[in-house]
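A.B. asks: Below is one structure. I have some questions about it.
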Amino acid sequence: MPSFLELTLHFFLQMAVILAAYRLLWPVLRRLGQMQVVAIMAAGFLLGPSVLGAIWPSGQRWLFPATLAVGGQTIPHPSLTMIYVVGQLGLVLYMFSVGSSFRTGILTDHFRVAGATATAGLTVPLLFGAVTGYVLFQHGDFFTGKVAAWQAALFLAAAVGITAFPVLAWIIHDSGLHDTRVGTMTLACAAFDDAWSWILLAVVVASAQGNMNSAVLAFVGGGAFVLFMLTVGRRLLRVLNGWAEQEMRADPAGGLPLGPFTVVLLVVLVCAWFTDWTGIYSVFGAFLAGVVMPRGQWLDRVRERTEPLVAYLLLPAFFVYAGLNTKLSLLLHPVAIVAAAAVLVVSFAGKFGAVSLASRWQGLSWREAGAMGALANARGLMELVLINIGLTQGLITPTLFTILAIMTIVTTFVAGPLFRMFERNAWKNGLVFGAGGETAAVRVAV
């Protein structure tokens, strides 16, 4: 077993390599119309067993060891656990930052549009996914023997319906859309769709294991948590405004209000723990904590001081951990090719078509509707987390894992350029995605 000092030194080296890898990839992928978060995702795959492991197997195993033999037993390597924990902390803090900049006023003003779009963006992909899952169950070796037909349908429905909430949040933030109608409603739809997808997964896992208590806990506990935070929690947190203003007056130099900042961290971590315990995943607790946090100059200061460290040091560990545990060699399985094409078409068409048409029907322009449909197709790491759970819980076979991994990578990489296409169209026509929609005419430089 490595000593604490050895683990610490090795971890420092790992983080340095992670940062160097994604910073080197970023200029290349930026030319392809990708966001910085995609460079971080790609770095995780490149540093994993599929690329670096194929080029330099011994070096990859030394730099990112996956397992450790202790007393005749094989356990996960402690350095991998350290990357996982740091990544989870970065993810939780980043989603709080996204939630705290979430403009609920826009969502309230366009509640009907957001509600209809979220419902369509969930219902149609779930239906398409369920039918596809049932067909795959009947005509192939895609699910294990412990899964019934209805469980197979629900699992694939969840896989098709999910959106990569953290990846989507990063894309919206990098694009400057976090305070616009498109950005706000797309994030709201993603949160709604992902919450239900995780509930469906909890039902499938619990029923396959013969234990429905966890499914009930996810549904009831998650709903009660949202209700509590939007009512009682919001009122309790209002006292932070006066406290923070008092501390800021005492420190006019612009330091962090440490008392309120400590309370914020406590609230975020407890909320993340509770939603993870209920089975809905920690990102939703952190995001909701940010949504209900009282707005003010002090909160802006908290974000300004913490976001660079979180986004560019802690959060990359989350994406790299997932990449290190994903073997891209599974994507080359010949049996999966036809099924992969079908799943890819169903996933993309269901999400893009449902979100775009529903938002257009509710009055958004075609450019805004197309942008929302493109963004909703970013499945990213949330999908990889979901299918890894399905594999480790014995629900799906490596073949279906491969198919869903193909779909995840393709839809995530397409989301950014497709969104940019709609965004460029808006600028060419002298329009921008303003807070109220496409209402602000601008002079276009030529």
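Placed from the backbone N, Cα and C atoms, the Cβ positions cover glycine too.
Just so you know, TrEMBL annotations are computer predictions that nobody has curated.
What TrEMBL lists as domain 'Cation/H+ exchanger transmembrane' is 26-420. The annotation transmembrane segment is assigned in TrEMBL to 7-25, 37-59, 111-137, 149-172, 184-208, 214-232, 253-274, 280-296, 308-324, 330-349, 369-389, 395-419 (among others).
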A.B. asks: Considering only Cβ pairs within less than 8 angstroms, which of the stretches 37-59, 149-172, 369-389, 395-419 has the most against the transmembrane segment (280-296)?
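C.D. replies: Ranked by Cβ pairs under 8 Å, first place goes to 149-172.
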A.B. asks: By Cβ distance under 8 Å, which residues at least 6 away from the ends of the transmembrane segment (184-208) in the same chain are close to it?
C.D. replies: 98, 102-103, 106-107, 110, 113-114, 117-118, 121-122, 125-126, 146-147, 151, 154-155, 157-159, 161-165, 168-169, 172, 177-178, 214-215, 217-219, 222, 279-281, 284, 287, 355, 359, 371-372, 375-376, 382, 386, 389-390, 393-395
A.B. asks: Honestly, do the transmembrane segment (37-59) and the transmembrane segment (149-172) touch, with at least three Cβ pairs under 8 Å and pairs 6 or more apart in sequence?
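C.D. replies: Contact criterion met.
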A.B. asks: Residues sitting near the transmembrane segment (330-349): Cβ under 8 Å, six or more positions beyond its termini, same chain?
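C.D. replies: Counting only partners 6 or more residues beyond its ends, the transmembrane segment (330-349) has Cβ contacts under 8 Å with 125, 128-129, 132, 136, 140-142, 156, 160, 377, 379, 398-407, 409-411, 414.
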